[in-house]
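Peer 1: Next up is a structure, given as structure tokens.
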Amino acid sequence: SQANFEEDNQKQPAVGHWKTLMPSKGSKDEPETGCQDAGGVDETQSTEQLNVSRLRSSSVEIREKGSEFLKEELHKAQKELKLKDKECERLSKVREQLEQELEELTASLFEEAHKMVREANTKQAASEKQLREARGKIDMLQAEVTALKTLVITSTPSSPNRELHPQLQSPSKAVFRKGHGRNKSTSSAMVSAASQNVTPEPVSHECKEVDSILFAEFQAWKESPTLDKSCSFLDRIYREDVGPCLDFTKQELSELVRVAVEQNTLTIEPVASQTLPVVKVSAEECGGPKKCALSGLPRTCKHRIMLGDSGNYYYISPSCRARITAVCNFFTYIRYIQQGLVRQDVELMYWEVMRLRREMSLAKLGFYPSEM
């Protein structure tokens, strides 16, 4: 039986199980067969366990490597997150700073705008006020200029205007006029003449002949009228008429009077008048009702003068008043010519100037109307 088993074993390969044989009674080979079967099973189980242990070790290794990789990635991500947080914090601070600067700039711009609006409103109000005042002055000056044109244009040597020249009126109708006002616009009314014509006949009844030298000087001045006394026309009148007429005993006061007449800042007012305002209550009064401040002689003074806005009054005699008003009349007329208010022929204006020069000469010689 053992020989048969060996043959069969050589013919068929082992496939993990043994061919069942019927052992004979008393055979000693049965225990060997069982041992061989148990050894094969243990070997298979140990192989499987080895494979499982290998699989388990490889999976653990993979897990460890994966966890390390994930930890590294997590660490990198945390670092990047911290950088991002710092950047966000910096940008947030920059935004807050910009917002604060924007608010401050907006507030300052609004404040500046309100300030500019207030200044503009103030300037506009002041401009409107000045405009209203200027319009009022213009209306007043236009009315005065119209009245003066009417007076000046209608007055000629042949037919003088009696309103413009009150000395031609009867004594009962004569009205007092201020000698020389302080109005710088030279639009005050013409003052009364300092002296009267010796003869009551009109000027047109006199024989007249134009002096060629005087007329040429007046024509040259009329082309470009000026108040500069360096021109030949005014220089002659200053030397021959104005200077002698205003040459009083009190030389210092005479010079002040001449300057005030030239600047149109002289005021003459009657002593007994209660309607004229007093410039200063405590004004210094030179001379007196019985003494002339210009001549220094004892005379009955019916008028007093004030130079500019000084507030100092000086009593003057009728003769001194006539001399001052004669010079004022001359300066008033040439100012009208300079401002273009006289619309007459050159020859008529020349004869009016000659008449005013004659009045200054007569006043210098002591001739003056009794009304003064």
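The backbone N, Cα and C atoms fix where each Cβ goes, and this holds for glycine too.
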Peer 1: Ranges 66-87, 110-131, 176-197: which does TrEMBL label region 'Disordered'?
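Peer 2: The listed stretch tagged region 'Disordered' in TrEMBL is 176-197.
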Peer 1: Can you give me the average pLDDT across the domain 'GDP/GTP exchange factor Sec2 N-terminal' (59-149), rounded to a whole number?
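Peer 2: Value for the domain 'GDP/GTP exchange factor Sec2 N-terminal' (59-149), mean pLDDT as a whole number: 88.
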